[in-house]
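One structure below.
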Amino acid sequence: MVEILDYTKALEVLKEYPSGDGLHVDTLLDSDNHGALTYNDFLILPGSITFSAADVSLDTKVTRRFTIKAPLLSSPMDTVTEHNMAIHMALLGGLGVIHNNCPPDDQAEMVRKVKRYENGFILDPVVLSPSTTVAEAKELKTKWNFGGFPVTGKTHYLSSFGKLASSDSFSLLEKGTLHSKLLGIVTSRDIQFHKTPEDPVTAVMSTELVTAPAGTTLAEANEVLRSSKKGKLPIVDKDGLLVSLLSRSDLMKNIHYPLASKLPSKQLLCAAAISTHDADKVRLQKLVDAGLDIVVVDSSQGNSMYQIAMIKWIKSTFPDIDIIAGNIVTREQAAALIAAGADGLRIGMGSGSACITQEVMAVGRPQAASVRSVSAFAARFGVPTIADGGVQNLGHIVKGLALGASAVMMGSLLAGTTESPGEYYVSNEGQLVKAFRGMGSIAVMEDKGKSGGGKNAGASRYFSENDKVKVAQGVAGSVVDRGSITQYVPYLVAGIQHSLQDIGVQDLEALHNGVNNGQVRFEMRSASAQTEGNVHGLHSHEKKLYSS
């Protein structure tokens, strides 16, 4: 008969056990005994809750230098990330990587749109000259999706009515540029219903301006903007020359998007992909000129002489640009890219939902094994890792993070959102879906229109651009509409916070430390256990993942 012990001694008796319940991560991922695992093959055991989910911090590094507040990235696929996705991912605390299956100028323009979207002091505002027409101002508003353009030039005389004087007393010495005399501001209301589009903006611009002097701090400028009730606050030097601009809309964005991934300058963080081809050196120059912060060297097999050479060239040519290299799945691959100078690593080969590399090439690795092996090695050099692929749900994101990844990259999970560039259509079943295709699919590799007739990013990524016969490593299909990421990403963030609360850790560093020292434990899942862990035994059900 079992002896009944004093219940007050339960915590002391627990110490008699040689180890905690469940498995250490190294035991879990011992491929000699278990084979290589992926996310569905295990669970994380719960810990002790001593804090609220809202107190969980998800701050994480994506490269050696850059930190974001939500460990989520959107994939550089042509049906996932263009400027709209990149903007909203950054606003929500993550990072969007703009795809490169387009002409370099188009990709640079997307980067430029991200960098212009939200700013503190706008150091390179769009500035109009006095000769700009109302029609041209409307075109600029449509192009940049904002209104309120400063008008600058050099004048000898302004009339008492605030309008430019007649041509005989007005001398335009300089086009509208920064560091020129501020003459006025053209707002959306000034041009919206103006009936003569050929009129110069000087005929409609506002000249009664509230300005702040150069040297004003951001906090002081924000206060002036609030009290003035104006949409824009020009910053001028002692001579009245425009030096920068502040926008009221950006103040509102700061309120609505407190987690936004921003630089000290308040510009949104922006990443974009390039291939390993020499031709993309010109592409990268255009991206850097547009304001790029992070470059992702995109290849299905990252440990190549081409990628190593590209990393070294980028490091020597653009030392201020951080590099995320990949894709890789082994320590050996990681070592080569770290030695070349990579600031971050992207992990995954054949695990993406639209990828068939493992099936066709017989090369790759299950994602859980890949993430743990590479992340544990890279951590010794302070290099963050990004788990890319194999993510089918929120739980998979948490598992990728628990195995050592600093962040998780998503393709299909985001392809169905409003902000992705894929096309909506109604499926044969009457369901609203969005087009989604792997970058190794024949649909991408033979798409000359998307790349503008230049190098095809899909073919380049899979080393197939010179092949007479294209071997597909991906498929094209569709994903169900998910609505906007402004609702979906906050759901993911809240879910990760609740998961870490269940595990008993308050931030990602504590999660990684707990996994490494054995305090965070794991359990294998049999096929029956996986069935048990999903919805079962019901006649019917509705699976609604979140409400807002």
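Residue numbers in this text run from 1 along the chain shown.
Any Cβ shown, glycine's included, is placed from N, Cα and C.
What Swiss-Prot lists as NAD(+) binding site is ASP298, SER299, SER300, GLY348, MET349, GLY350, and the listing cites sequence analysis. DSSP assigns SER300 (NAD(+) binding site) to coil in the three-state reduction, placing it in neither a helix nor a strand. Around the Cβ of SER300 (NAD(+) binding site), a 10 Å sphere holds 25 further Cβ atoms from the protein chains shown.
If you look up Swiss-Prot, you'll see SER353, ASP388, GLY389, GLY390, GLY411, SER412, GLN473 marked as IMP binding site, on the strength of sequence analysis. Other C-beta atoms found within 10 angstroms of the C-beta of GLY411 (IMP binding site) number 26, with every protein chain shown included. Under the DSSP three-state reduction, GLY411 (IMP binding site) is assigned to coil, being neither helix nor strand.
Same-chain residues lying 6+ beyond the ends of the compositional bias 'Basic and acidic residues' (539-548) with a Cβ under 8 Å from its Cβ atoms: 394, 487-488, 490-491, 494-495. Look at Swiss-Prot and you will find 539-548 tagged as compositional bias 'Basic and acidic residues'.
According to Swiss-Prot, the feature region 'Disordered' maps to 527-548.
Separating the Cα atoms of SER412 (IMP binding site) and SER299 (NAD(+) binding site) is a whole-number distance of 18 Å.
Taking the Cβ of ASP388 (IMP binding site) as centre and 10 Å as the limit, one finds 32 other Cβ atoms among all the protein chains shown. Counting residues per DSSP class in helix, strand and coil order gives 0 helix, 0 strand, 10 coil for the compositional bias 'Basic and acidic residues' (539-548). Secondary structure at ASP388 (IMP binding site), taken from DSSP and collapsed to helix, strand or coil, is strand.
A straight line from the CA of GLY390 (IMP binding site) to the CA of MET349 (NAD(+) binding site) spans 10 Å. The two recorded residues, ASP388 (IMP binding site) and GLY348 (NAD(+) binding site), have Cα atoms 5 Å apart. Of all the Cβ atoms in the protein chains shown, 22 others lie within 10 Å of the Cβ of SER412 (IMP binding site).
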